[in-house]
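Listed in TrEMBL:
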DOMAIN    27-122  domain 'Bacterial Ig-like'
DOMAIN    125-190  domain 'Bacterial Ig-like'
Amino acid sequence: MNVAANVATDAAGNNNTAATQSTQAVDTAVPTVVITDDTTGTATGDVTYTLTFSESVTGFAADDITVSGGSKGSFTAVSGSVYTLVVTPDASSTSDITVNVAANVATDVAGNNNTAATQSTQAVDTAVPTVVITDDTTGTATGDVTYTFTFSESVTGFAADDITVSGGSKGSFTAVSGSVYTLVVTPDASS
């Protein structure tokens, strides 16, 4: 702030001298925070989240982060503006992990509180596929039996060699879809 010379006059007609400039630092910019993670696609294990503030803050802790679909693990202050949090997805889950940081949980050097972060959402699949085996024969088999293997979700890598047969021999193996397979078994002779 400035006051120039000769802009005011006293009763005797004397003009003022210029004032020494007055400076006041101003910081009204609130810290913002962006949440990112290290997993592309669907998470099947731990996910490391990075929480990056627009400037250094104090008072930020793991308790200021809200997580659903997983549990909080290691929390690290990398710097005054960068923090990491490891989240372990819920077991046997296909529910997304969501991570939130509310407003007013961290403060910059000027005392400005942060704004809320945009929610981070990460797809998860920790559900293990299950398989049910059925056959097409009621009662006692007198000939070939077709077994159907129905998985709870699409799978890859399933082959006839993954099936153990006792009391018969493997025949035709067919992938009906990614989750349904069939195998024809011929009973042993004279069984």
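Placed from the backbone N, Cα and C atoms, the Cβ positions cover glycine too.
Computed over the domain 'Bacterial Ig-like' (125-190), the whole-number mean pLDDT of the model equals 96. In the domain 'Bacterial Ig-like' (27-122), helix, strand and coil residues by DSSP number 3 helix, 44 strand, 49 coil. With DSSP classes pooled into helix, strand and coil, the tally for the domain 'Bacterial Ig-like' (125-190) is 3 helix, 28 strand, 35 coil.
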